[in-house]
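Peer 1: So TrEMBL lists the following for this protein:
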type	residues	note
DOMAIN	67-104	domain 'Ig-like'
DOMAIN	266-360	domain 'Fibronectin type-III'
DOMAIN	385-481	domain 'Fibronectin type-III'
DOMAIN	486-576	domain 'Fibronectin type-III'
DOMAIN	582-676	domain 'Fibronectin type-III'
DOMAIN	684-781	domain 'Fibronectin type-III'
DOMAIN	785-867	domain 'Ig-like'
DOMAIN	997-1083	domain 'Ig-like'
DOMAIN	1207-1281	domain 'Ig-like'
Amino acid sequence: MLRAPEGMQEYQRMAAHFGRDLVQLQHELHRMKVATKEQVDSIEMTREVKGMMPLRKDYPAEVPQAPDFLVSLRSHTVWEKTPVKLFCTVSGKPNPIVKWYRNNVAIEPLSAPGKYKIENKYGVHSLIISRYNLTHPQFTVRPLIVSSFHFKLHFHKGVTLLESFGVTFGTEGESVSLVANMVVVPDLPNLPPEVMWYRDDTLLMPSRWAEMSIGGGVAKLTLPHLNKDDEGLYTLRIWTKDGTAEHSAYLFVKDATPTVAGAPGAPMDVAVFDVNADYVLVSWKPPNTTHEAPITGYFVDRRKSGTTDWVQCNDSPVKVCKLPVHGLTEGASYHFRVRAVNKDGISLPSRMSSGVTAAEVESDVEGRTTNSEELQGVYVTIPDPPTNVHATEINKTYVVLSWAPPSPRGRAPVWYLIEKCEGDSHIWQRVNTAVQLRSPRYPVYDMEDKKSYRFRVITVNKYGSSEPSEPTAAIQKVDPCGVPSAPRQVIASRNTKTSAFVQWEPPKHANNLMGYYVDASLVGSKKWFPCNHRPYKFVVHGLVPGDTYVFRVQAVNAYGLSEESQESAPLFIDAALSTPSAPYDISLLNCNGSSMTLAWKRPKNTGGSKITSYYLDKREAESVEWKEVSPSPAVHRTFTVENLTTGVFYEFKIQAANLAGVGLPSEPSKAFACEAWTMAEPGPAYDISFWEVRDTSVLVQWKPPVYAGAGPITGYFVDMAKKGSSDFVAVNAEPVGHCYLKVSGLETGASYVFRVRAVNAKGVGKASDVSDPVCAKALPGTKEIVCGVDEETGDIFLNFEACDVSETSKFTWSKSYKEITESSRVSITSSGRHSKLTFVNAEKEDLGIYSVAVTDTDGVSSSYSVNEEGQRLVLNISFFIYLIVPLKTELNYEILEKGHVRFWVQAKKLSSSVNYRFIVNDKAITSGYKISHDVSTGIIQMTIEHFTKANEGTYTIQIHDGKAKSQSSLVLVGDAFKAALKEAEFQRKEHIRKQGPHFSEYLSFHVTDDCTVMLVCKLANVKKETRFTWFKDDEEITVDVPPNPMSGSCSLPIPMFSRKDQGIYKAVLGDDRGKDTSVFEISGKVFEDIINAIASIAGSSASDLVLQCTPEGIRLQCYMKYYTEEMKTSWFHRESKISSSEKMRIGGTSEMAWMQICEPTDKEKGHYTIEIHDGKKSHTRTFDLSGQGKWKLDFHLHILCDLAPLQSLSLTCTVCGDPSPEVTWFKNEQEVVSDDRFKITFEGGKFASLTINNVHVEDSGKYSINVRNKYGGEFVEITVSVYKQGGDIPEPKLGQMAKPIYCTLCMSPSSKIPESANLLITRDCKT
């Protein structure tokens, strides 16, 4: 087909275009082929080189360069005593260190503080000399190369941190973000500042556990899933032109709530070491435990990368914080986690470890070895044995064996076999029979305690096995270290208002210490809580201000936690004490030619404690050497420096000291000339301070000049100016005659400075130094003094509530701005934020301005003017309150020691001019009774010494105090009077009784721990001649040890107390001064109380019920410290109470209670309980006679003696049990085998017999039967003695039932012995 002419041009253009593209594509493919081939060749060459070169030598990337001065020092011409700065620029690789010299002597800035300053910025080195004098010689500089390192910085012109993250608290599983706001200049979106995050000085990288972002003036670190591994000190570091800007704060992570109550927290910091082809070593750190039970071990889990299934590595918990894991798949990647175990349960799992790949670490060595063998033409098939077999880990749980791989290895992959032998024996046993080891590591677990073993290793490949390696030395399974000892001397000190700094001495035995755990407890609570969850030193944060805490510390290593340290001293949480900042504005107040009086301003930061002293140094203006002014520090902010030289200029510097120590020195003062002041005008005032700062006013205070001039000071002018301005204006047109002035009409929010000029008859003196600026703005929450009248007492008071206080704050009250120290006109009480000034008796002399200031605050203060009109108003209010004398208590009475009766009333307040009278039955008392009052307590009282029936009636008191009145009455008639009279007579008799020997405590009883009843009493006012006698039912009791009244107490023991000890006991005490008697009747309720007390002790000491076999049947016995039938003791069978009968007898001895079951049958099976009731609770002991799942022996042994034709002896025992027991007979502890003479039978699984045919004397001995099934066993024995006819036969004696009974058999053809003899053998037995 022919193309249209009009399309031909377009076709040719497109063809040419695509043709060019095709040519370019072909060239690009050719270039890629060539490049790929070059890369493949390069890789192959690299492999060959690596195979042939065991070592690679690195050469420095840079060539060292000698130091050189780019800009040298130049000459300077300066004025004397002016500063000078010398510059130079040095280059060199590595970066040289520059040293400055003067007269070939190295300059040390610390040798002359303030004289020299050496700087190095961006390679420019400078030396600054503060004062140059003509004695300074030439200076030289020498650069030296010592070392250097290379780094790269990207910094902005300026980065300023604004708001940054603070101390943060989180819980495992939560998400937390740490945010810092900053100002970046210039702020380039495409070039943000270089930001780095650190945790405990370890650089963090972005990961699934840490997300980082920077931009928009915000740096942010997000921890999306908190874990205790994340706890620590976080630091944000930003590179700037001046170095780095950084901010740090702690992050604390609490344990997540465990799935099982009481389970421990999760372990942390899981790490994997010693990675081999099929072996790794996993380690971790133990969690902190406070109220949880101790950790008993750990489980380690593993997971293959790419799967979700966790597999437990150890079958039983491992007690040490590391575990060797073997049996891994070579080439597979694994993660590990750990769980802690205690008696309550298993913790949540720890954060999983980073992934590790099980790989042969010596594979490259093997390749090089094989290549070496090939190069040498040596072809080895069977490997050599390993070398250097030793134990790298030894503890009570396992031992890890390590060895060096063999060389040569042979021409096939190798694995290892391990053998062991015990001690010095040469019997070797295979250890890893079912495990093929490919790593030169292996953990051995099956080692017995206190036994030592030796090990050897054999190398195996497909061609065969090597000879065994050299055996190790003897290895024993021991814990080489154990937990560390407890830390010592825990000291807690203040840090901030919510934190404390805890320090301690390390433990005596560190034992590979990992760190420490710190616990805290509120004083008095005894509830401890953890302060950190990772073992490191740190500041305890998150405490409550104002609370008091104690702290303890535990040391941590791989074996666990140490014992707790001793508690620290209690610490009140408040801001820490620190040294004060430097004083400032040193001024000269006076000079007489040989001394100068100085003043200075208080440090702006006192360090949280009162400043106690100031230390002054001086020097001549031309000198650089400072000298101490006085060995004794100044205690006030003025000081006179003596022994100065006239005409010399002096400079001074001052340091402030508090409880924390001495602070920084002030800047040197101006140079003051030591020339006597002779001017007629006064010197400068000083110490300008500001109080009562409000939005439009401020009170200015100052101290008068030290130098008064030619005459007394008559007043002061105050000048003020806005901050930054030098245009001062006078505040007062006329001088004020006191050292304070309230300045009004200020601009709210504006800052002002003030100065003061003193005036005398000769004129206006020198102005004071300019004050610090003060802002005309009231403190937030500022309150004023309030005047009021106490509604209860009528007292006039001034009350102030401070908007801010500190622990060391004090309220200082002043009148006319002079501090009130001691005054009879007012009383001051302060508590917390409140302070009250109360007028004792407000009068005209109390008029004036009252002010209060709160120390250690930012100027909290207020004032109140008490004028005549205001005083008259409050006095009127007080007068109306004073119309009635307020009473705290109405008229009342009390019986005193001697039988005296005191009638009294208490008023809230009494004046010294109070009048009162007592009225009894409408008659005023004028004499005969003791009447008095106490103004300080407000008590008015009347005492009747001999109270009789004639004193029945109505008592009234009338009080007159100024214009106020009050009255109170008491009716004492009828039963109330009789009770008062009875009590008075008793107290009178008691007083008479106590004049001689008497009982301070009458007879009472208590029961000792061995159940002995003791009658006790306490005596008083006794002497050597005092006699003491015991009686029971009016019959004197003779005791083994005579009573000793001088001891102050006597006691009568009643052992083995029972009903026979009931009666009336009496103790009589007497001498020539009189006699006293105490009676104690033991019967009824008292007898029951004593029995209950005995039952409480006996019941607590009761043993478990014991089964005893007796000739009548079986007996249940309960041993205790003491038993008597009077105790409330009950026996139960299957929860039914047992009454004593012929079938079941109940009784006891002084040492036990028992219950006898006669001829027991199956009906008597079941649970038996003894219950001892002591009146408050029951003490029970139980015994199970059901026999379920157990066997029992009836212990009925029949002895059969057949005399014709041959005598024989048959020992038979009835046995029952499920399953049927196995029976074994013994004679003299040797097993008896059935034969012609000894025939053993076991019929029906019930009757076990041993028959001895043709009995001889030699058959005497100890015979026993042993019966056993899977539930247990029992052993019964009997002694058989065979005697010849005519021999002496000893009488059988009844021994303890737990011992065997001896049976005697006489052997003689003519002996007449019954056809069969039955003998019941009894012994202690348990079902």
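Yeah, the Cβs are placed from backbone N, Cα and C, and that goes for glycine too.
Walk me through the surroundings of each of these features.
Peer 2: Averaged over the domain 'Ig-like' (67-104), the predicted model has a pLDDT of 76.
DSSP labels the residues of the domain 'Fibronectin type-III' (582-676) in these numbers: 0 helix, 43 strand, 52 coil.
In the domain 'Ig-like' (785-867), the DSSP tally of helix, strand and coil residues is 3 helix, 42 strand, 38 coil.
Counted with DSSP, the domain 'Ig-like' (997-1083) comes out as 6 helix, 50 strand, 31 coil.
With helix defined as DSSP H, G or I and strand as E or B, the domain 'Ig-like' (1207-1281) counts 3 helix, 49 strand, 23 coil.
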Peer 1: Per DSSP, what is the helix/strand/coil residue tally across the domain 'Fibronectin type-III' (486-576)?
Peer 2: 0 helix, 43 strand, 48 coil
Peer 1: Count the residues of the domain 'Ig-like' (67-104) that DSSP assigns to helix (H, G, I), to strand (E, B) and to coil, and report the three numbers in that order.
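Peer 2: Helix, strand and coil residues of the domain 'Ig-like' (67-104) number 0 helix, 22 strand, 16 coil.
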